[in-house]
Amino acid sequence: MSAVLVLALVLLSLTCVTDAISDACLTCICKQESYGCTQIGCRMDGRSLSCGYFQIKKSYWIDCGRLGSSWEACADDYNCAVRCVRAYMKKYIGKSGCTANCKNYARLHNGGPKGCTKPSTLTYWNAVKNQGCSINS
């Protein structure tokens, strides 16, 4: 019986690992958001401010767990921003009803917690694809 339990835990852990956003997909999103994945600071995006490599909004930063010393500091620190994006994706991919792939991660990043279901985020996905990613990246 314990061998079955161990096998189940191993399979579950593999599922969790494979559902994580890949480095390749993160890079494509970063390139799209900050003109080649560069530190660009904060900019107005519609009616709200977006900051850093991934153009993270304050509400996104709160949802990712308030990493770093502040929203702007985390967004402008590549490693902190990556941790924030990974945490956000982990939090919402399972709740969104969408499968874990680069297309849906990009759409979540652009459109919020249910972004992968919004037709308006398909244009963003096409822009991310143009940065060199595919659905399976």
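Heads up, the Cβ atoms here are built off N, Cα and C, so glycines get one too.
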Taking Swiss-Prot at its word that Lys57, Lys58, Ser59, Tyr60, Trp61, Ile62, Asp63, His109, Asn110, Gly111 bind substrate, choose the one of Tyr78, Tyr88 listed for that site.
Tyr88
Could you pull the disulfide partner of Cys37 out of Cys28, Cys30, going by Swiss-Prot?
Cys30
Would you mind checking how many other C-beta atoms are within 10 angstroms of the C-beta on Cys30 (disulfide bond)?
24
Which of these disulfide-bonded residues is closest to Cys102 (disulfide bond) if you go by CA atoms: Cys30, Cys42, Cys80, Cys84?
Cys30
Argmin Cα dist to Cys42 (disulfide bond) over the disulfide-bonded residues Cys25, Cys30, Cys74 returns Cys74
Long-range neighbours only, meaning 6 or more apart in sequence with Cβ under 8 Å: which ones does Cys37 (disulfide bond) have?
Thr27, Cys30, Lys31, Tyr53
